[in-house]
Every structure is written in C-alpha cells, then in structure tokens.
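Feature annotations, courtesy of Swiss-Prot:
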type	residues	note
BINDING	THR65, PRO66, ALA67, GLY68, GLU69, GLY70, LYS71, THR72	ATP binding site
Amino acid sequence: MPTDIEIARAATLQPISAIAEKIGIPDAALHPHGRHIAKIDHAHIASLEAKPEGKLILVTAISPTPAGEGKTTTTVGLGDALNRIGKKAVICLREPSLGPCFGMKGGAAGGGKSQVVPMEAINLHFTGDFHAITSAHSLAAALIDNHVYWGNELNIDVRRIAWRRVVDMNDRALRSITQSLGGVANGYPREDGFDITVASEVMAVFCLARDLADLEARLGRIVVAETRDRKAVTLADLKATGAMAVLLKDALQPNLVQTLEGSPALIHGGPFANIAHGCNSVIATRTGLRLGEYAVTEAGFGADLGAEKFIDIKCRQTGLSPSAVVIVATLRALKMHGGVEKKALGTENIAALEKGFVNLARHVENVRRFGLPVVVAVNHFHTDTEAELATLKALCRDKLDVEAITCRHWAEGGAGAEELARAVVALAEGGAPKTPNFVYPEDAKLTDKIRTIAQTLYGAADIQVESKAATKLAQFEKDGYGKLPVCMAKTQYSFSTDPNLMGAPSGHVVAVRDVRLSAGAGFVVVICGEIMTMPGLPKVPAAEGIHLDANGQIEGLF
C-alpha cells in the first residue's frame, strides 16, 4: 500500500468551485487560495442563517494509544460513505497544528483512501489561520507589556499577568522564560512563558464565536491580568480588541476543501482536546449543517475529553445537539489497553482484546450518559483476524447492547464505510433529544463540576485540588465566573491523570494542579496531573523524516 502522501498526490482533484457548487455556494462567495482551497465569504455565511439545519453526527474514539485509532480517517470515510448512499453530507474538521506534524503524530488529514486534500497544504500553513491567531495573541501580549512600560495607567500588577505568549510549535524550552532582560529600555523583567497556539484563548474564542461581532465581544472579555488591588484587567480595558479582530477577520471565514472522493469538507480552527476544548469552529459546524443534510464532525482524542467538551461547552453555548455519535475503536488499540506491547499487536490475542474492551465499554457508557444514540466503528487493520472481530462484536452486542461495525474506509474509501453510514442514518432518523444531557448543572460550584466529571466519566474516587488552584477557583466564584463550564486539561491516554494507567481504571484520584480563567471563551481550564500547555518534541521527532526530493516535492509527511 502506498503512503498517505503518495495516495494524496496521485489523486485528481476537482476545482474548488466544483466542490462549492455541490453544496450551493456560488463562485462569488469564494475567496480562492489556489485551485483547490477557498474561504467562504462572511456575507454568504450570514445569508444561510434562515436555512434549516441538517443532522449533526459526532465522531469520537476510545482513549488513544500509539497504535492509532483513525478518528479523522473515519470521519472522512463516513462523510464519503453518506454521500455514496445518497445523503448530502459535509465534513467538518479541525485544522492541524504544526507542532504535532513535526512531533509525534505526523499529519492530521486522515489516511489511506479517506483523506482531505491537498494534504500537504492542509497539514502545513494552509490558509494562514493559525498565523493570524498567533499574531492576534502576540499583539495582546505586546500591548500588555507596552502599557506597563508607558506608565501603567491601569495599575497592572506585573506579578499577576496571566497572558502567556504562544507559538505553533512543540518547544519545551519556552515553557518558562524570563522576559525584558537587557536594560531599562526593554521593559520590566518578569517571569513569562509560551503555550502552543492551539491552547491559546484566542483559538478558543475563534472557534466558539458566532460571527465577527461575537468574536470581538469575546476578545474584550478575556482577562489578561489583575491590578494591584486585585481587579480584573481585560483586553477591552487595553483597547486591544479592534486590532485583534482585524487580524482575525479573514481567518474567521471557514476553509473549503475536498476529500479524495470529492466530498466537501470545512476545515476551520484547531484547539487540542487535551489542553483546550478540542472542537472545530462553531461557524464551520453551523455552515455545514445549513449546506448539507448531514454534518459529520469530530471531537479530539477520546470521548472523555473531546466528546465531553463538545457537549458541555460547545453544545451548551450554541444549542447544537448531535443526532448520533460514532465511537472509533481498533482491535490493535484495545489489545494495547489489554496489556499487549505495540510490537506484538499484529498477533491474534483474544484474551487481551477482552481485557482491553473495558476502555471502549466506559466510553460507550459515558456517551449514553449524554442521552445520545451511539454506534461503534471498528477501524479495520490488515492484521485483524475474523475471530477477534467476532469477539468484539459479540462483546458490544451482549454487554453494551450497541452495534459494532467493521469499517474498511482506509483501504476502500467511502465504499468501506457504507454499512456504518446506513447505521448512522438509522440512529439519526430515530430521533435524538433536542438537547443532550449535560454532565453537570450550570449552577454547580466549579469544584463540584470538576469532581462530577472525574467521578462520573473518569471513574475516579475523588479529586485533589492543590492550594494554588483552590484559591483561584474561590476567586473565580467570587468574581462571578462560577456558572462557567470547566475544560479539563489532562492526559489523553488514560481516564486517570497517569498516562500509563490504561484500560478503565477506577478509584484513582484526579490531581488538579492549576486552573486558568478563559472568560472570553466562556470556560475555566482545569490543569490536571503533569499535562503541559506547551508540548515537547519526542526523542525522534517526525521532522527528522520530512524532506524535499530532487523535484521539490515533500516526502515523509505521513
């Protein structure tokens, strides 16, 4: 089988105007970026508001492993399959970050014959949205220090500046820095640090904003510091929001591309689900729903992270509700959850599969807590055996009363996911609730919201909140932010805060190390265990295998 990039490069792509025509977008509403990528004009997006919305399909997964689950691949394959069976489907994805592309994960445009293309452009600079978000965030950082330098009229306490800097790269050396060294002309030295762009509150605001006006209003609510008498300082106080909105104006228009089979795909925004809320932009999701009968979207990492935040943050803020949920699993990953090392995953092991099944079972149970119909997509690998597939399907049927469907979209494209597509249509047309069940009520205390997630979804005995975090939570409550939802930042590899504790651990304690207010986005970030908002590169980063060949073509971007 050729590599992903070889498959993508061999494809004959349709002009982006032809893709737009399929979903009723006129040429005049497109801002082309070359022949195969375009942004959709703000005015056209606004003109769609009166149109009825289609059905929303959420794709999530089991807890990820190094064996890979293929959630984006399945999202693309399902969208292609829905179009193949006569449904009008639009795929809605997040934009990849450069950090993971050059780090451990590699590209994030799907795989095999279920990809969005042009994959090199999508995985790298794309339309410059991340540059715009990084620039807007950096402008805010510069304005804060500039305000202090020129007299500090707002009385900002430089010890309590919460606004860190960002860059779209995995770079552990930037986690903690000292800035403004070199003399008085460079400002007031203080401790600072960098996060990755996808963890920026600007990214979260970008993805949750309804339109340009809402974007600017949300930017203005962002709290960046405190005064010496402990009053909040916002970006509106610093008069930063107008210039930031100008930087983000064009970026806020969703990006239209295509799959290998010519299905329309909107790729827009890209917060991680382990350190942010993990969903593509509200604007793109709503646009997909108004342009198609079905909008197929994904939420990052496992259902304990991305799906929970999709429901408790994105749906709570917007009124969206999935008509069906797909949980992606692989036999390989389940066997790894059952204790098998990666090098042995190609060998049949029914006992390990049965042991690792508990991870899938908990994710299914958690999705059902949201009150949503669910189906399991078994992303097929060539090493899977019929006995293993039969075992998993029987476990799902007998223990969970859920259908598990073998999907071969990686090798066969949309044709390999038609059975899944028909099952999704049956679930969606069966009638899902207009509002999902949220994990916690809005008026619960912030600490109780964290505890409820930990005990209900993670199987934890309790939470342990460090004193610094407890003090900040109490202050957030006092300042009127107690009704905000919480955004859990923790390892994606486990229900616990220990990435090595696989399967479905119970009775553990979730350690809350810190909390951060995201008043503009409308949630409180809860930093658990050793999770970092600036990742580092692995010992052998993917960047080492990426290069240009003699003809100037990119190689190694898998």
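Any Cβ shown, glycine's included, is placed from N, Cα and C.
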Residues near THR65 (ATP binding site) in space but at least six apart in sequence (CB under 8 A): ARG332, ALA333, MET336, HIS337, TYR493, MET502
Those residues of the chain, 6+ apart, with a Cβ under 8 Å from that of GLY68 (ATP binding site): THR330, ARG332, ALA333
Binding-site residues listed as PRO66, GLY70, least Cβ neighbours within 10 Å: PRO66
DSSP-derived structure type at GLU69 (ATP binding site), helix or strand or else coil: coil
Candidate with sparsest Cβ neighbourhood (10 Å radius) among ALA67, GLU69, LYS71, THR72, the listed binding-site residues: ALA67
